[in-house]
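Notes for the one structure printed next.
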């Protein structure tokens with residue numbers, strides 16, 4: 001009896017072990033196959049934990065790839081309410097094919113580009129998780145301005161050099177006044193019991209670069225309006241091209257200064273958030289939602305789609321101006337940059353409300369610095385290669401507006417602090433600028449003197 005009892009107990013233990021092993025395998029399969037669990041996301045395995053493999057490949061790998069692909073589309077396309085405007089892009093192309101209403105095509109293209117610009121900024125932020133904070137900030141500023149640059153290149157291709165000048169100028173004004181003003185205002189309302197601070201050294205460097213850009217735009221305009229050119233019609237263009245090359249060299253030196261030489265000067269920008277913010281919020285912010293290669297693929301797709309809509313946008317801007325009885329200057333300086341800066345606008349406000357004002361300042365002022373020191377000179381050089389007489393003479397009214405704006409913003413940034421009152425003042429300044437361009441009629445938009453000679 002003792003021997004039989006021992007055999008019975010042993011068989012019972014073996015059955016329990018087999019049941020436990022089968023239940024564990026079933027649990028592993030459920031974790032791999034269930035699309036609603038956290039296994040569908042990209043995670044680092046726990047140390048010592050191994051996934052089941054079969055012939056060198058993980059079990060259920062095809063399902064994981066499928067879940068990752070569909071999950072990426074769900075995250076990028078269906079996770080933002082602003083993406084409800086995406087169908088307006090194909091609708092603009094359809095209206096252009098069926099009708100000759102330039103005003104509607106321009107309006108629909110403008111609406112279609114809005115969510116694409118925001119998603120472009122989102123994909124850039126996701127890619128920044130894998131490149132580090134400094135390179136990530138540079139990528140954010142670069143792809144944040146990709147919409148304006150694409151529109152400018154298509155306008156240059158069509159010979160609309162004045163639209164290029166006005167749209168780039170409007171992007172600088174929008175970033176410095178509207179985007180930064182809304183960030184200061186919203187951040188000040190959320191944190192109304194204290195005065196928010198930011199890295200004053202970074203603001204001073206960017207203000208100096210903006211003043212240098214104003215100097216580069218000022219001298220060609222002064223040379224033109226004082227009629228002191230040695231060679232009429234040539235000296236102004238030659239000075240613009242020379243100054244553009246100098247500005248590009250200065251911007252390259254600034255990048256080297258920021259990324260290599262004085263990297264510790266800019267590292268406190270990210271440390272400010274960890275010192276003043278909650279640790280849980282920072283941990284959530286530092287978790288990427290899509291992988292590195294998914295970010296690169298989405299950047300490529302969104303850039304291509306923006307390029308297609310920008311072509312329709314540029315082709316119908318003249319018709320929209322006539323249909324809406326608005327000047328091309330107002331459309332180029334006010335309407336186009338608001339759409340192009342949608343990504344910067346949303347992210348700057350979000351970071352300011354989280355008391356990460358250094359990042360908001362880098363998004364707004366950093367974008368303005370990049371457009372003024374890289375975008376405008378780059379368009380001059382590209383126009384030079386295309387045979388377009390793109391110069392730095394932005395005319396007297398526009399140059400004076402930019403000069404006063406840079407001075408006003410520099411005064412607001414000199415203390416290194418912000419509150420909702422400063423933000424409100426910047427927003428009101430932008431309303432004055434918008435009203436000025438609404439009342440301003442630019443005579444050079446219809447002037448054919450800057451068209452390419454045939």
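Cβ from N, Cα, C; glycine included.
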In TrEMBL, which of 238-257, 258-277 is tagged transmembrane segment?
238-257
Select the range from 203-226, 238-257, 296-314, 326-353, 396-414 that forms the most Cβ-Cβ pairs under 8 Å with the transmembrane segment (420-440).
326-353
Determine which recorded stretch among 168-191, 238-257, 326-353, 359-384 has the most C-beta pairs below 8 angstroms with the transmembrane segment (91-117).
326-353
Can you work out which residues elsewhere in the same chain, 6+ from the ends of the transmembrane segment (238-257), have a Cβ less than 8 Å from its Cβ atoms?
138, 205, 209, 212-213, 216, 219-220, 223, 369-370, 373-374, 376-378, 380-381, 384, 390-393
Other than its close neighbours in sequence, what residues sit by the transmembrane segment (203-226), given a CB gap under 8 Å and a spacing of at least six beyond its ends?
176, 235-236, 239-240, 243-244, 246-247, 250-251, 254, 361, 365-366, 368-369, 372-373, 376-377, 391-396, 399, 402-403, 406, 409-410, 413-414, 416
Which residues, given as numbers and ranges, are at least 6 beyond the ends of the transmembrane segment (396-414) yet have a Cβ under 8 Å from it?
165-166, 169, 172-173, 176-177, 180, 200, 203-204, 207, 210-211, 214, 217-218, 221, 225, 333, 361, 365, 422, 425-426, 429, 433, 436, 440, 442
